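Below is one structure, written out as structure tokens; the observations come after it.
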Amino acid sequence: MAAAAMTSIVPVASIAPVSKVANVRPSSVSVAKAFGLKSRSMGRLTCMATYKVTFLDGETGAENVVECSDEEYVLDAAERAGMDLPYSCRAGACSSCAGIIKAGEVDQSDQSFLDDSQIDDGFVLTCVAYPASDCIILTHQEENM
């Protein structure tokens, strides 16, 4: 009788080993997956800042304000909001998406096109710019570079 009882025991849950590289408790990874959360940081959940990015259309004068996390390129946030901004390479290697920062700060360390003087003049490549504060960007500025 005791043998029959032991064969009917089934584990309710098993925890898969976690990579030593990730150095994350399995419970936090499980909770993240259960809620559908995703992270670029190898399973660790991180907080991200969200900023208001105001786009001033250099051609029409239209103004659009978009919420953008510090882990999203401002061009992607604009497109998510339904805006149609110019772009070409989406890699920071051309000037199609060029804008001018009128206020605030961005991290555009992924870009490889602008030289230091253009950056000092406020030029930004929206396809590879993360907001670092609330900011105002004048768009459609490739012709003014």
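Heads up, the Cβ atoms here are built off N, Cα and C, so glycines get one too.
Sequence annotations record features per position, and here Swiss-Prot assigns transit peptide to 1-48. Marked as domain '2Fe-2S ferredoxin-type' by Swiss-Prot: 51-143. If you look up Swiss-Prot, you'll see C89, C94, C97, C127 marked as [2Fe-2S] cluster binding site, on the strength of sequence analysis.
Here the features listed in Swiss-Prot are placed on the structure.
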residue: C89; record: [2Fe-2S] cluster binding site; DSSP (3 states): coil
residue: C94; record: [2Fe-2S] cluster binding site; DSSP (3 states): coil
residue: C127; record: [2Fe-2S] cluster binding site; DSSP (3 states): helix
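Annotation: C97 carries the greatest number of neighbouring Cβ atoms among the binding-site residues C89, C94, C97, C127 [cut-off 10 Å, Cβ to Cβ]. Other residues of the same chain near the [2Fe-2S] cluster site, with their Cβ within 8 Å of the Cβ centroid of C89, C94, C97, C127, are Y87, S88, R90, A91, G92, A93, S95, S96, F113, L125, T126, V128. Confidence for the domain '2Fe-2S ferredoxin-type' (51-143), expressed as mean pLDDT, is 97.
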